[in-house]
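Engineer: Below is one structure. I have some questions about it.
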Amino acid sequence: MASSLSFLLLFSIFHSLERSVLSSAISSDSISFNSSLSGAQTIVSKGGNFALGFFHLGNNSSPNFYLGIWYYKISQFTSVWVANREAPISDPSSSELKISKEGNLILTNQFKTHIWSTNITSATSNYATVAEILDTGNLILRDGSEPSKVYWQSIDHPSDTWLPGASLGGTSQYFIFWNRTKPFWTSGEWNGEIFAAVPEMTPHYIYNFEYVNNANESYFTYSLQDDKLISRLVLDLSGQIKELTWMENAQEWILFWSQPKQQCDVYALCGPFGRCDENSFPYCSCVKGFSEASPSDWALSDWSRGCKRNTSLQCSSNSTSLSGSEKKDKFFLMSDVSLPANPHSLAVGSIEDCLLDLQQNSSGETLYLRLASSELPNSGTKKGKTIRVVLGSVLGILACIALVLSLGWLYNRRHKITVTKSAEGNLIAFTYNDLKRMTKNFSEKLGGGSFGSVAKGTLPDSTAIAVKRFEGLLRIGEKQFRNEVSTIGTIQHVNLVRLHGFCSEGNNRLLVYEYMPKGSLDTQLFRRNSVGTVLDWKTRYQIALGAAKGLAYLHEKCRDCIIHCDIKPENILLDDLFVPKVADFGLAKLLGRDFSRVLTTVRGTIGYLAPEWISGVAITAKADVYSYGMVLLEIISGRRNVVNSEDGSASYFPLEAVRKVNEGDVVSLLDDRLKGEAEFDELDRACRAACWCIQDSEIYRPSMGQVVQILEGVVEVGFPPIPRSLQLLAEKPGSMGFFSELSSLQSNPTQPESTSSASSKG
């Protein structure tokens with residue numbers, strides 16, 4: 001019988017702590033009526049994949065022991081099923097797992113009390129009943145003379161792990177519940193191939209899912225595409241369901257998928273009156289006027305008990321202090337807060353539970369929180385407040401009048417240029433003649449590429465702009481162009497180039513972007529003979545982290561995942577403070593087939609493309625991750641990844657990088673112009689992140705959100721394996737030709753380009 005479909009959000013600690021396992025393997029994979037399991041004994045599946053026995057958490061001083069199943073072949077203890085998680089034992093040597101006279105598998109403690117049982121009634125004879133651990137991780141209770149007759153199996157009673165081959169029954173989608181009542185994530189309906197809300201499930205996914213639905217049963221099950229992989233689905237302590245794969249080279253579990261994607265999307269993660277901020281660590285903090293309800297739990301990253309008031313509310317019975325002044329409650333303004341769903345209809349049993357699931361978010365709303373007067377600074381008398389309000393209003397009106405007059409004068413002083421706001425949002429719809437005048441007939445070239453050219457211009461208010469003109473590629477109609485551009489225009493992030501407007505007039509298609517005074521990243525990294533300072537390590541790390549955040553926003557924060565498809569140094573632009581901004585996002589969908597055709601043939605781009613571009617496999621966001629990894633290596637080294645020497649041979653830096661990282665020699669990968677001046681921990685994190693990003697298989701690459709966490713030091717990663725494609729390069733140097741199909745600049749990185757401050761070169 002398949003177990004309940006809905007995973008319930010319970011604390012799961014068996015995968016996050018070290019363990020001590022009592023190990024003395026019995027030469028068997030089963031327990032019969034005349035045998036038992038106790039103390040340090042274990043039974044191991046025939047293929048050696050899984051073991052059953054007693055273990056305890058933490059160090060050897062832990063008093064609690066558990067009966068469970070764990071992976072037997074891997075070095076890091078990882079349990080997959082626990083029998084007595086609610087009733088631990090203290091003395092495994094006096095405890096016993098055996099088959100009872102009724103034919104049940106039972107666990108007794110040192111007092112011979114039954115603390116766990118399979119609790120079945122279908123077994124007919126205790127002498128014929130056998131408990132067996134299978135290579136799938138399933139513990140079964142079966143008939144000894146008829147092996148196909150199974151009375152009970154552990155996979156029908158999962159704890160926090162769903163193993164391949166196990167089934168979950170119910171409807172055609174999954175849910176994660178908080179406190180058994182509040183669903184906060186769903187997989188979406190099964191459409192026969194993937195779950196609607198899990199677009200990462202491509203036909204080449206790591207798992208093969210199967211939905212069985214007939215008159216007798218309804219359940220999901222899954223298997224691995226590659227039987228050699230060790231992989232599992234886990235409901236983690238974080239409230240997220242995670243896919244983890246064991247990497248033998250790194251000797252650790254690698255996370256390559258989790259839902260909800262953002263930690264703060266886990267419902268009530270921070271408890272009552274706690275606020276979750278995805279951009280801080282730890283994620284949770286207490287709102288104004290509150291402090292941790294249990295500091296010891298918070299120290300262990302368990303924020304579920306939330307926060308308590310520092311000072312009780314006076315409510316309707318305002319009291320008087322010793323000085324004679326009234327002690328009234330006041331309201332504190334909290335800005336940029338994502339409020340709980342349906343806040344007005346929230347039913348609670350006590351005031352302590354009334355504010356759950358608050359998130360700090362720049363696109364959030366304003367919340368007024370009632371606090372005791374003592375929690376807020378004295379804001380002055382009513383008379384003083386009135387004077388300030390009136391004075392501020394008068395000054396504000398005068399300032400607005402002056403601004404309007406100034407803008408009118410400036411507008412009339414310049415050429416008359418007609419611009420109108422687009423119906424699709426705040427984008428400006430320019431005429432072609434207006435843009436010709438603004439750019440002086442596109443005379444000041446910033447750069448160019450296969451999609452067209454970029455010229456510098458100036459708006460009527462003296463704001464500098466970069467105008468991208470598409471040449472000979474665009475075959476889409478005006479309506480489709482406007483629809484796609486309006487989508488791009490709604491996307492705003494500090495690390496994404498802002499779109500000011502567009503022009504769609506006749507055969508002319510142009511985009512108007514903000515101007516980046518420091519140009520593109522390649523001009524700052526690769527000009528070894530040019531006059532100017534070399535980017536220091538702090539600036540490089542800022543650029544790497546900012547670009548990663550911009551891509552993570554496109555992949556994970558937008559309404560629809562936006563895959564850039566053309567990440568390279570030329571498409572990472574820098575403002576006057578060297579803050580990076582990713583350019584040209586959204587063009588893949590805007591240009592359609594033209595984009596893919598050019599992308600896979602243009603010189604200067606192919607070295608950054610993931611293998612799936614060439615193999616024809618469906619493109620996912622992990623293709624951007626691969627390209628970002630290549631760019632990150634160039635940020636570290638200060639040179640192109642492929643360098644051709646005068647004798648025609650080529651050196652491929654990513655191959656050297658992976659080797660050096662595994663040797664622990666990351667300093668040698670640093671740009672020699674920096675003379676070793678870099679933060680070692682940051683350099684090590686950047687090198688490891690880059691090498692994981694360029695793995696051949698997309699399932700081993702981290703998401704961009706995870707890359708951000710790695711660079712910020714929130715998540716640690718082990719040593720990366722050497723990708724097979726890089727090994728082939730080492731074995732067959734002639735195959736380097738594929739990667740060296742680069743621009744003339746790449747084949748001679750010391751040759752300076754003409755001076756430019758491009759908005760985009762791709």
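Note: Cβ is positioned from N, Cα and C throughout, glycine not excepted.
TrEMBL labels come from automatic prediction, so no person has curated them.
Summarising the annotation, TrEMBL assigns ATP binding site to Lys468. For 28-154, the entry in TrEMBL reads domain 'Bulb-type lectin'. According to TrEMBL, the feature domain 'Protein kinase' maps to 440-715. Annotation comment: TrEMBL describes 741-762 as region 'Disordered'. According to TrEMBL, the signal peptide annotation covers 1-23. Annotation comment: TrEMBL describes 389-411 as transmembrane segment.
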Engineer: Have a look around the residue listed as 'ATP binding site' and count the other CB atoms within 10 A of its CB, chains all included.
Structural biologist: 27
Engineer: With helix taken as DSSP H, G or I, strand as E or B and everything else coil, how many residues of the domain 'Bulb-type lectin' (28-154) land in each class?
Structural biologist: 1 helix, 54 strand, 72 coil
Engineer: Helix, strand or coil for the residue listed as 'ATP binding site'? Use DSSP.
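Structural biologist: Its secondary structure by DSSP: strand.
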Engineer: Please give the average pLDDT for the domain 'Protein kinase' (440-715) in this predicted model.
Structural biologist: 84
